[in-house]
Protein chains: 2
Amino acid sequence: MAVLLDAGAHDFEARFSALLGAKRESAEDVDSAVRDIIAEVRSRGDEALCEFTRRFDRFEITPAQLRVTDAEIDAACAECSAETLEALGVARDRIESHHRRQLPQDERYTDALGVELGHRWTAVEAVGLYVPGGTAAYPSSVLMNAIPAKVAGVPRVVMVVPTPDGKLNPLVLAAARLAGVDEIYRVGGAQAVAALAYGTDTIKPVAKIVGPGNAWVAAAKRRVFGVVGIDMIAGPSEVVVVADGDANPEWVAADLLAQAEHDTAAQAILITDSPALAAAVEKAVAHQLAVLPRGNIAGASWAEHGAIILVPDLDAAVPLVDRLAPEHLEIETPDADALAAKIRNAGAIFLGSHTPEAIGDYVGGSNHVLPTARSARFSSVLSVLDFVKRTSILKCSPSSLATLGISAIRLAEAEGLQGHARSVSIRLENA
Amino acid sequence: MAVLLDAGAHDFEARFSALLGAKRESAEDVDSAVRDIIAEVRSRGDEALCEFTRRFDRFEITPAQLRVTDAEIDAACAECSAETLEALGVARDRIESHHRRQLPQDERYTDALGVELGHRWTAVEAVGLYVPGGTAAYPSSVLMNAIPAKVAGVPRVVMVVPTPDGKLNPLVLAAARLAGVDEIYRVGGAQAVAALAYGTDTIKPVAKIVGPGNAWVAAAKRRVFGVVGIDMIAGPSEVVVVADGDANPEWVAADLLAQAEHDTAAQAILITDSPALAAAVEKAVAHQLAVLPRGNIAGASWAEHGAIILVPDLDAAVPLVDRLAPEHLEIETPDADALAAKIRNAGAIFLGSHTPEAIGDYVGGSNHVLPTARSARFSSVLSVLDFVKRTSILKCSPSSLATLGISAIRLAEAEGLQGHARSVSIRLENA
């Protein structure tokens with residue numbers, strides 16, 4: 001049973017703060033082990049990769065076997081059902097066409113003084129994509145991470161995926177091929193992150209690493225940040241559903257459980273102004289849980305982290321949503337757009353009763369890689385912008401330099417940087 | 001004396017790789033001390049801030065004195081010369097008008113199936129700006145970090161600045177006022193980063209922390225990443241000047257030294273196709289060093305990290321620049337634009353002989369916060385985009401859900417997520 005909070009209750013602020021601050025993941029302290037793994041991969045390269053793979057993924061491997069071959073990808077694709085491949089193709093096409101709209105424009109202009117300013121966007125030269133192995137090996141995530149990189153124009157997209165006991169999910173390979181991934185290596189964990197960041201004989205280094213992973217992968221990404229770029233550190237998934245009394249309680253319950261089934265650490269929260277809906281959803285959740293294949297996981301998530309929050313009116317939901325900064329926000333009200341416009345912090349917003357979040361997970365076209373753990377306060381849905389970077393451009397004419405130079409010289413001198421001042425004044429001497 | 005590399009020499013690749021890989025900063029290992037400082041600030045708040053300030057900045061302070069008052073800012077502004085304030089105002093206005101052009105647009109469109117897609121940009125709710133104390137307290141950096149945040153619409157910009165022995169640079173306070181900084185606290189180091197990330201009674205937490213700092217600040221930012229957003233981890237500054245035989249060697253030398261005077265760990269590199277220019281620049285550097293007030297610093301930087309690279313033609317400079325991925329790139333050739341178009345990795349490009357990098361440091365209008373230590377391979381010049389975030393929007397109609405639902409259900413089932421499939425199929429049952 002999820003907790004029930006009433007925004008009108010005297011202890012609401014304390015209980016809501018507790019909900020916000022609750023730790024959903026035990027922070028496994030793997031940092032020093034990860035430091036050692038990275039050092040080993042830096043010093044011993046492929047040999048260390050094979051050794052850690054034997055130890056953690058329990059199979060023998062040589063450096064020559066690290067890369068997944070074209071023949072293996074062919075064989076994997078042949079194993080997948082035509083129906084599933086077709087659905088993956090629908091997802092690929094929709095994700096690609098949506099992300100094509102995100103390509104940013106270069107700019108160049110000349111201001112009133114004659115100074116030319118602008119910027120150029122260029123693609124990152126090589127990107128590493130971490131794909132978790134085992135139960136969390138989701139082909140849809142391969143599409144969501146690799147397609148924006150390819151649309152951005154990244155020439156080299158390298159996927160690493162652990163294969164516990166040597167087993168690989170054929171759909172993950174099929175998705176990688178559909179998305180245009182250039183190289184695939186069967187290695188995971190902190191060792192894979194180290195290889196991508198520093199390179200080995202077999203795996204050339206990349207400039208940026210993206211993709212979710214466990215505590216080891218997260219700690220490794222944090223450590224190599226700076227050597228390479230990284231995306232956000234992914235935490236357990238979460239949804240907030242805002243709904244009024246007209247919402248269908250069975251649909252709302254299904255949406256909450258779709259989130260809860262990910263992981264016992266996932267979080268599903270309903271915010272409503274209708275006590276009747278709250279009660280009906282609670283009942284529907286119990287009923288649906290009984291027949292859900294992953295009911296154990298979803299039930300544990302709902303009991304430990306789920307919540308139903310009663311608010312006096314839906315406007316009162318807005319500051320609560322902003323404090324929760326949910327990865328996914330569903331607004332199941334008739335005026336969903338108006339309410340959405342008031343929200344500052346959310347990774348993705350799903351509008352109206354006919355947009356279950358699962359559509360966005362697969363075939364909506366928008367990206368399902370979203371900021372978790374309240375990081376929507378400062379970070380964004382994954383996009384083409386994550387795979388390009390902006391170079392600033394400046395060009396002075398002799399006359400604009402003469403005009404601006406005086407102020408530059410004064411500021412440089414005020415900062416005690418005479419060399420800076422001199423690099424300007426030397427050009428004005430003969431002007 | 002800087003090293004001289006000839007791209008035609010048999011050992012060039014080895015020597016260039018060594019230059020690329022050379023460590024310019026001794027990586028002070030402060031990580032465990034920083035972990036303890038963060039833990040102290042989380043548990044004891046303001047009291048810990050005051051204690052660390054006493055220890056590291058050597059003056060007594062109470063929580064009530066942490067915040068810099070309006071009267072103190074008034075007094076600081078009164079101390080600054082009218083000329084310098086005027087120059088700061090020129091810089092402020094130019095930075096602001098350039099950054100206003102960076103405000104991103106929301107988007108919303110309906111695709112052929114009737115699915116509405118789009119995104120909204122919202123400002124980060126609160127930003128912390130770290131400003132180093134002591135010799136590296138640069139008012140220009142305050143402008144460069146705070147103005148983009150304010151242009152983005154960040155309602156609360158909080159500055160922290162250490163004041164060793166209680167002393168504060170009045171120009172830093174004047175710049176903060178000009179830039180619209182909302183709160184200023186006289187605290188620095190890892191303790192300031194911890195306060196910004198987790199909050200204390202006096203300093204409310206922010207959602208993102210930007211700004212340069214020493215090894216302690218960098219380690220603290222790395223640790224709090226995820227709790228808050230952070231910008232890049234700044235390293236020592238660097239410039240690459242690409243010039244041909246027509247460049248003025250005195251100007252090129254002045255530009256190299258403007259970079260070198262920052263720090264003995266700074267790096268200045270000249271790439272040229274002209275042995276005559278190389279020799280003339282080397283001579284001019286020696287000559288100018290003798291009269292430069294910070295000549296000791298610049299001389300050490302030039303001797304330890306400087307380089308002159310001879311290439312057979314300027315196109316051969318392009319792959320070298322991309323591997324160096326310099327923070328600043330000056331192209332002092334007549335066709336600077338054409339050469340710039342071939343470069344993938346650079347933080348900022350300064351075109352032509354009349355654009356010394358120092359103009360960009362102060363009054364060009366573009367931002368001087370740039371990716372260092374080869375991180376231009378994956379990161380960008382600071383901009384308004386660093387202070388906003390993108391929320392993705394999705395809205396299905398009953399009919400578009402019915403069309404797309406089949407593929408979503410297939411993929412959810414292929415991933416073993418029946419709850420996801422159910423959240424779609426339950427909506428199609430009565431359709």
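From the backbone N, Cα and C atoms, a Cβ is placed for every residue, glycine too.
What TrEMBL records for this protein:
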ACT_SITE  B:Glu327  active site, proton acceptor
ACT_SITE  B:His328  active site, proton acceptor
BINDING   B:Tyr130, B:Gln191, B:Asn214  NAD(+) binding site
BINDING   B:Ser237, B:Gln259, B:His262, B:His328, B:Asp361, B:Glu415, B:His420  substrate binding site
BINDING   B:Gln259, B:His262, B:Asp361, B:His420  Zn(2+) binding site
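Locations of recorded TrEMBL features on the structure.
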| residue | record | CB count, 10 Å |
| --- | --- | --- |
| B:Tyr130 | NAD(+) binding site | 28 |
| B:Gln191 | NAD(+) binding site | 29 |
| B:Asn214 | NAD(+) binding site | 18 |
| B:Ser237 | substrate binding site | 26 |
| B:Gln259 | substrate binding site | 32 |
| B:His262 | substrate binding site | 22 |
| B:Glu327 | active site, proton acceptor | 29 |
| B:His328 | active site, proton acceptor | 27 |
| B:Glu415 | substrate binding site | 22 |
| B:His420 | substrate binding site | 30 |
In three-state terms from DSSP, label B:Tyr130 (NAD(+) binding site) for me.
strand
Taking Cβ distances under 8 Å as the criterion, give the subset of the recorded positions B:Tyr130, B:Asn214, B:Glu327, B:His328, B:Glu415 near chain A, ordered by sequence.
B:Glu415
Looking at the recorded positions listed here (B:His262, B:Glu327, B:His328, B:Glu415, B:His420), whose Cα lies nearest to that of B:Gln191 (NAD(+) binding site)?
B:His262
Looking at the binding-site residues B:Tyr130, B:Asn214, B:His262, B:Glu415, which ones sit with their CA no more than 10 Å from the CA of B:Glu327 (active site, proton acceptor)?
none
Please report the Cα separation of B:Asn214 (NAD(+) binding site) and B:Ser237 (substrate binding site) in Å, rounded to an integer.
13
Could you give the Cα-Cα distance between B:His328 (active site, proton acceptor) and B:Ser237 (substrate binding site), in whole Å?
8
Show which residues of the chain containing B:Asp361 (substrate binding site), separated from it by at least 6 in sequence, have their CB under 8 Å from its CB.
B:Ser140, B:His368
Per DSSP, three-state class assigned to B:His328 (active site, proton acceptor):
strand
Which secondary structure state does DSSP assign to B:His262 (substrate binding site), in the simple three-class scheme?
coil
Near the NAD(+) site, what residues other than B:Tyr130, B:Gln191, B:Asn214 in the same chain have a C-beta no further than 8 Å from the centroid of the listed C-beta atoms?
B:Pro132, B:Val160, B:Pro162, B:Gly188, B:Gly189, B:Ala190, B:Ala192, B:Val193, B:Gly213, B:Trp216, B:Val217, B:Ala220
To the nearest whole angstrom, state the Cα distance for the pair B:Ser237 (substrate binding site) and B:Tyr130 (NAD(+) binding site).
17
Would you work out the biggest C-alpha to C-alpha distance among B:Tyr130, B:Gln191, B:Asn214, the residues that bind NAD(+) according to the record, and give it in angstrom as a whole number?
13
Looking at the binding-site residues B:Gln259, B:His262, B:Glu415, B:His420, whose Cα is closest in space to that of B:Tyr130 (NAD(+) binding site)?
B:His262
